[in-house]
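For reference, the structure discussed in these notes is given below.
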Amino acid sequence: PDLRRGYIFLIDKEVAHCYSTDMVDVESEGEWSPWGGEDEVEQPLIAAEVQQPQANLSDSMEDTRETAALVGRRSRGRTAQYLTGFAATMGALAAGTVLGYSSPAGAQLTSNSTSGSLHLTSEENMWFSSSMNLGALVGGPVGGICLNILGRRGTMLASSVPFIGGWLLIAFARNFGMLMTGRIITGLCTGITSLIVPTYIGEYASADVRGTLGSGFQLMVTIGVMYSYLLGALVSTWRVLAGLCIIPPVIYCVLMFFAKESPSFLLSKGKEEQAAAALQFFRGKDGNIQTELDMMRQSLEDARRNKASIRILTKPYIFKPLMISLSLMFFQQFSGINPVLFNLTTIFHDSGSKISDNMSSIIIGLVQVAATFLATVLMDKAGRKLLLIVSSSVMALSIVALGEFFYEKMIDKTWAIDNLGWLPLTSLIIFVTAFSIGYGPIPWLMIGELFSPNVKEAAASFSTMFNWSASFVMTLTFVPLQSALKIHGVYWFYSSVCVVNLIFCVTLVPETKGKTLEEISAHFGAPPPSRNSNPLENEL
């Protein structure tokens, strides 16, 4: 704190971050982005020489400076990291097909023209759409157990088997029970994937590409949704579509078979040589891995010593961010996004739009992919809070417009279709765009920012379970709400939730862009960390 010019070093998990004390904007230091421009020339985080006002900082400061330079600089093994990231996020694409499948398949299963003996009622289709959320709810805890027993790579390989089996059950279903079982199994694998893939990428990726690789997960999910929409429009039956949805998990399994295990997991199991070999693979053959390996080892030892119990979540400086995280998850789901996406084909059919149902769904899917890609660019430029405010306000307006169309249609169907037939597709494009740039990725991103590493595992698991529970409730209640409030009333209800959401974002959500973990914790009243002890232990 007494340095007038120098560097502050913050150790967060396996990554060393170096911040210059006389820099105004430090958030992008050491972060490489394929869209950024001026920092294409490779430079270390630390300048050649830094003049210190105090001569007695001596060797310890020099050693720390060397450590941060080695770990914080650009990694030379980006190709291996990107290829492994692609392999891992094929699981996200497979999960996306599960999310998107019920829209085209549900319309075919409830249609009177459905071939074969299997036909779903409106109530059965409601359960068919929402049942994957039940599987995903269980998948989170199951994945948490498996990732420490089978490893990150091992869990991904193991989950691909029931993934394929679930789709086979759906493709060859002879009754509603087989359909439901297949949906729950694929939902279970979706829940496992949503936990294990981000964990794996976060552990092997170097600091300069971690943000880019991490954002690829949500992008691949939207591509998977688009995959289901597009093929659903091209194939004749829901059985063929289920068979085609087997392809992504098969590719996922094959690619992960050739991938390396997480160095952090290998170290945790005492496999030092294998951990070093894996880290060398990810950093390139010329990369100096010893410093990072030592830091990773120290981080694991600290995590074992300072592991927090569940009751620490009741501390005010942890309870407050936990409530914010749960609220973000609540508003994410109660904005109505999943009921809308799961029932897109039905919505367009009911609207009487002149554009075909399948084409409208494909357009929405393309918009979601493009908007999610845009979000990866804007996230560290506009800030989290601003994007959440824009997202919630635009969602409120667009879903009100959708409800207005159905209200006008109820009064005069012919006039509404002739004069406002363009409104459903336009409203949904705006709604999905607004969701994808804000409330789609940010609630998940802020889990990693609001909590310290010692409580992140418990808090993230709780938030994830809450999210899938809310998703199940929202999808299951879509049809009953339509009966009680009429279809326009349902959309106006979602809009009112978005308005409350907007007020919440403006008044209670903190901006975390560019802030260190210590600054965020201090915002919630956390005690300052002591040099030789853990603040959580002090509280306990």
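Glycine too: its Cβ is placed from the backbone N, Cα and C atoms.
What TrEMBL says about this protein:
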TRANSMEM  82-101  transmembrane segment
DOMAIN    84-513  domain 'Major facilitator superfamily (MFS) profile'
TRANSMEM  127-150  transmembrane segment
TRANSMEM  157-176  transmembrane segment
TRANSMEM  182-201  transmembrane segment
TRANSMEM  213-234  transmembrane segment
TRANSMEM  240-259  transmembrane segment
TRANSMEM  317-341  transmembrane segment
TRANSMEM  361-379  transmembrane segment
TRANSMEM  386-407  transmembrane segment
TRANSMEM  427-447  transmembrane segment
TRANSMEM  459-479  transmembrane segment
TRANSMEM  491-509  transmembrane segment
The transmembrane segment (82-101) touching the transmembrane segment (240-259) per 3+ Cβ pairs under 8 Å rule: yes
Maximum Cβ pairs under 8 Å to the transmembrane segment (459-479) among 127-150, 361-379, 427-447, 491-509 is reached by 127-150
What is the pLDDT of the domain 'Major facilitator superfamily (MFS) profile' (84-513) when averaged and given as a whole number? 83
Can at least 3 Cβ pairs under 8 A be found between the transmembrane segment (317-341) and the transmembrane segment (182-201), with each pair 6 or more apart in sequence? no
Let me check one thing: do the transmembrane segment (182-201) and the transmembrane segment (361-379) come into contact, meaning three or more Cβ pairs under 8 Å with sequence separation of at least 6? no
